[in-house]
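Annotated domain '4Fe-4S ferredoxin-type' per TrEMBL: 236-267, in sequence order. TrEMBL lists 7-25, 71-104, 125-149, 169-186, 275-297 with the feature transmembrane segment.
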């Protein structure tokens with residue numbers, strides 16, 4: 001039975017790692033969008049937490065997030081509250097990479113290191129600080145502040161390493177140094193000390209119904225359980241039942257020589273290691289299937305039609321065609337080409353990322369700059385100075401252009417003949433008529449008030 005549960009967990013870990021890695025590779029080859037392969041963010045439950053505030057307050061998804069990430073997050077919250085952190089121990093690809101790196105390290109003769117409790121204990125709180133910084137920064141700034149350093153994003157872009165690393169090296173550095181490299185010496189280093197999703201699930205673990213439980217009566221105190229724990233807990237200590245660090249991998253129970261001494265339990269009901277793992281997998285997959293059947297499962301966010309101007313550029317993606325991008329911005333394809341500085345011969349119905357010579361990210365920045373310049377120009381042109389600024393050296397033609405009024409109306413309201421020349425300075429007209437330029441100022445002021 002023990003051997004079966006080990007094989008089962010290994011198989012589940014392998015299937016999820018291979019499947020998600022393949023999806024990441026296919027996304028790089030095929031691209032995203034409704035007819036493409038979903039991006040990494042669509043399958044990340046942490047994204048659901050990152051984008052929660054924006055969705056709740058404005059109904060708009062952060063760039064790259066989608067309803068699927070929020071659904072995964074909510075499913076994971078529910079499953080963790082019932083079955084504990086089995087996602088970490090059975091499914092999470094980063095956890096699998098850390099665990100398998102440690103196993104490879106032992107086979108290579110690398111002796112595992114154990115940090116002193118005085119360092120290990122405080123260091124485990126670091127992941128909570130990282131969690132708070134990421135969520136606080138994302139909710140405040142309205143952008144995924146962690147994405148460029150996310151090792152999961154880096155892993156899913158591994159097939160594009162030579163292109164992606166020079167642009168955004170942070171995630172790859174975190175991946176190779178902390179998720180994989182450090183685990184050769186300290187198993188699941190990333191999970192223990194740095195993982196922000198692990199920190200959030202650890203909080204839920206405290207309230208979880210399922211705990212690892214030890215029978216004091218049959219325990220022979222062989223210490224096998226503590227030695228086998230990938231996050232260095234001590235199941236012989238009753239405190240482990242209240243620990244937030246247990247990832248429900250079941251290795252302690254698998255290595256216990258006395259059957260039934262260590263077990264998962266909901267109150268007094270015993271659950272096998274395999275049951276906890278399989279139930280977690282089935283509940284998550286069942287939730288996804290239900291969301292798909294109900295139409296709630298979407299791996300790309302709906303494009304908000306209410307957002308215009310430079311902010312709408314965040315809704316442009318490389319999988320779109322020029323025509324589709326133009327629709328998002330509410331402009332014609334011809335105007336879009338002009339905004340982006342593209343040649344008129346640019347194909348309109350080919351995905352932008354597939355058009356030779358066009359960098360979709362650089363194009364979006366050019367579009368953003370052009371739209372920002374347009375907005376600034378509109379604000380400048382829409383500014384109307386005070387009529388008190390009208391000078392005698394100005395002509396009525398200039399007054400018309402600046403204040404958007406009709407000269408004839410101004411002349412009439414000022415008590416001047418309405419057939420006067422609009423090209424003569426106002427002061428010259430005033431001298432000829434024995435009038436004052438201040439009359440023109442008052443007339444313009446009245447017209448502006450009337451038109452407001």
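For all residues, glycine too, the Cβ spot is worked out from N, Cα and C.
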* **Residues in the domain '4Fe-4S ferredoxin-type' (236-267) grouped by DSSP into helix, strand and remaining coil** => 9 helix, 5 strand, 18 coil
* **Residues from the same chain, set at least six apart from the ends of the transmembrane segment (125-149), whose C-beta lies under 8 A from its own** => 41, 47, 49-51, 53-54, 62-65, 168, 170-171, 174, 192-196, 198-200, 202
* Asked: Looking only at residues six or more beyond either end of the transmembrane segment (275-297), which have a C-beta under 8 A from one in the stretch?
  -> 5, 8-9, 12, 67-68, 71-72, 75-76, 78-79, 82-84, 86-87, 89-91, 210, 248, 250, 264
* Asked: Sequence-remote contacts (6 or more beyond its ends) of the transmembrane segment (169-186), Cβ cut-off under 8 Å?
  -> 94, 97-99, 101-102, 104-105, 108, 110, 112-115, 147-151, 153-155, 157, 161, 192, 194
* Asked: Looking only at residues six or more beyond either end of the transmembrane segment (71-104), which have a C-beta under 8 A from one in the stretch?
  -> 9, 12-14, 16-17, 20-21, 43-49, 52, 112, 151-152, 155, 179-181, 183-184, 186-191, 195, 197-198, 201-202, 204-205, 207-211, 230, 246-250, 264, 276-277, 279-281, 283-284, 287-288, 291, 296-297
